[in-house]
Amino acid sequence: MLTVKHLAKSYDGEKKSLTDVSFSVQPGEVTVIIGPSGAGKTTILRSINQLIRDDDGEILFDNTDIRQLNRAQLRQARCRIGMIFQNYNLIEPLTAIENVLHGCLGTKSNLAGIFSIYRNREKEEALKLLEKVGLAEFAYQQCRNLSGGQKQRVGIARALMQQPKIILCDEPIASLDPKSTITVMDILRDLATNDGISVLINLHQVDIARSYADHVIGINNGQVVFDDRIQALSDTAIASIYQKDANSEGSVVHEF
Amino acid sequence: MNSDVQQVTNFFNTKRLRLSIILVIFGLAYIGASIGLGFQTQSLLNVQAGIAWLIHNFIPNEASQGYWNEIIQQLFRTFIVAVASTTCAAVVSLFLAIIGAQTLTPAITVSWVIRCLSSLLRNIPIVAWAMILLFSFKQNDLTGFLALFFMTLGFLTRAFMETIEDFGTEKIQALQATGATYLQVIFQGLLPEIAVALMTWILYMIENNVRDATLVGLLTGTGIGFIFNLYFKSLRYGAAGLVVLSVIILVVAVELISNLIGRLLS
Amino acid sequence: MIKPENQISIPTRQPAGPRLSIPLRFRDRRRVTILMTLIVLAYITLATLPTMIPSHFKLGTALTSFAENIKIMFWQPHLANTTFITLLGALGQSILLAFLTTLIGSVLAFFFALASTRRLAPTYLVLGIQSLMAVIRAIPTVLWVLIYSVVFGLGANAAVVGITFHSVAYLTKVYADSMDELSPGIIETMQAMGLKKSAIIRQAIIPYMMPSYLSWTFIRFEINFADAIAVGAAAGAGGIGYQLFMSSSFYFNFHEVGVMVYMILAFALVLEIISYRLRTATN
Ligand SMILES: Nc1ncnc2c1ncn2[C@@H]1O[C@H](COP(=O)(O)OP(=O)(O)OP(=O)(O)O)[C@@H](O)[C@H]1O
Ligand SMILES: [Mg+2]
């Protein structure tokens, strides 16, 4: 499904944020990336849909290297990669249904984007997705009036509207209360199990990872230090993922 | 399910309908206003003719070089008038704003009187100010200074008052709770907190007044506005071009300086 | 800062030494800047204010005459050379001029702003357009109208085009600034979904900037109304400004000026009520 090979990235050309990161993600599985702050989790996720241009490596999505695509091709590839964010990034002045429908605009014409022209099939799908995330009665609410957990569920519905093969989640639950956290994680788990979508999640909560993940990738200082099934994630493994080695010290101290 | 889809369709249709109605109304208003004024839309397409004319005629020629002296001198006078009127108006405005702001005012009637006064000063057209003052103070820089002073006074009083009111009552009450006097609250609590905002307004006003000083000069026969009018009416376009150029340089320079100060303040 | 749950212990380390000096220096820089600016402004003002007063100037006479004229204006307004209907028509002309220039200006400026916001446009376009607009803004509206009245002939065309120039330059800057305020994450999100630029503008930028678009456009309408009056007077472009100019500098009739000022104030009052309504409606 998705295979990342030898990915490298440096923002300033000097300090390496990623060095030789390789892993792969299976369909129908929840893969969780954990690691200390500043380890490079966000950088990995954003490289996958090329929101940031990495320096070196290979990102095979459906057997094509995303890094080699031109702009139009990249746009098409992105249509099949859903993404959800810690701060939701919804268009707050618009209603939930409009935000969900944005998910299918990538494959449509300029005209459709400008005049909000959607097929009946798409409208039906959007309503179905809102129902799936439990927000059917909020379809016509402005998103700025929704709670954090509700916003995140609209975000998920929007990502699903893209009919994605993979969903990338950058700390999707970091701003949510415990109850919304469980709702959101349950939905993501269900997408992997029942819809066969690959779900790749950046997380800070190891206990959440334990109860939802199939596979764990541990990142420290821009390198993969753990890559195994969740069952293999022992306390010593966790400690080693979160440990600070000598050369990362400076940056981590800076982060805190 | 089908009726739900219909509902979504209706939702988008309503939105589109509302947008179309607004666009049609503005379109009709545009046509109406054009007819009412006798404005021909195609003249918008001839804008480049004006630019071309400007470039062709306003290129300063040999003869216009001789005007530099006079232009620099008048430009300087105009700048001085703009700065002095803004500064003086700022001082008075600050006083008025403090006793007029609803959070600090000694009496609510005072607040309303100052509010009305500032609105009045601001909305009397600068043309009227210039003309009345010209009649009494005759053709000199003082006239321009006063015209700008009154308008700026109205504008800054309002702006300062809103800044002070945004500052809120809580912080003021917190200071009063420590037993501070009215003046102590203002000098120790209020002014240091809003200094940056006030400065930003003053700089904006100076920028604006440099431009308006040209207009006032044109009306009252002083400064850079006057000599532009003089050269322009006597068809000395090269010299007029030089005036425009010098105004551009002055205004852009003032804008750059105020941006720089703004950055130092942030 | 989000930290992992407490079942794992992360050795944290304090940053080496307290870094109090930076905030202090920060405050200091502000204070020095404000003080310096105030000193320069005060110096310019105090040094030059006396030079503005002409040599044999009778302040007393000037002030009495000024007070007299103000009194005539506000307490004895009446018409002599024109009719109220004529003036009403002239006021209407000025309002139409302000409306038309704001409308044209806001539409054009919207597109210029799209081409010069950091969120969408490449840096060279942002810098190029913004500098061009700064230059256009630097030239006072009256000069634009005067210049275009030579090209198009004195009249509505010159007035509209001249005022529009300034409006476009002003609105482009404020629209672009309010687009810049949109968080980059929003645009990135839309790009991550594979949306085209046109869709991003229509579905993300427009909904977000609509409130500030409306309020800035309204502010510009107020400015354009004042400009329409000024231009009418200084460039002879008609409207209430021209009438004002004629009464005050041709007939020297301040009773008449008073009537016109009252009319203008009445309209300004209407505008202020509308703007108050707009502000309370959006908040
Ligand atoms: N835009 C940027 N410019 C420069 N350096 C960056 C940028 N974004 C991230 N970095 C650096 O790259 C490294 C990895 O950052 P990244 O955001 O990927 O970490 P993360 O694991 O997501 O951290 P967190 O858990 O705090 O979100 C960090 O050292 C960071 O300082
Ligand atoms: Mg991150």
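Including glycine, each Cβ sits where the backbone N, Cα and C put it.
Under the heading domain 'ABC transmembrane type-1', TrEMBL lists B:75-258. Taken from TrEMBL, the feature transmembrane segment covers B:20-39, B:79-100, B:112-135, B:142-161, B:181-206, B:213-232, B:238-261.
Counting Cβ pairs under 8 Å to the transmembrane segment (B:142-161), the top-ranked stretch among B:20-39, B:79-100, B:181-206, B:213-232, B:238-261 is B:79-100. Against the transmembrane segment (B:79-100), stretch B:181-206 has more CB pairs under 8 A than any other of B:20-39, B:181-206, B:213-232, B:238-261. Tertiary neighbourhood of the transmembrane segment (B:238-261): same-chain residues 54, 57-61, 63-64, 67-68, 71-72, 75, 78-79, 199, 203-204, 206-207, 210-211, 214, 224, 227-228, 231-232, selected by CB-CB distance under 8 Å and a gap of 6+ residues from either end. Remote same-chain partners of the transmembrane segment (B:213-232), defined as residues 6 or more beyond its termini with a Cβ less than 8 Å from a stretch Cβ, comprise 67, 70-71, 74-75, 77-79, 81-82, 85, 126-127, 130-131, 133-134, 139-141, 143-144, 147-148, 239-240, 243-244, 246-247.
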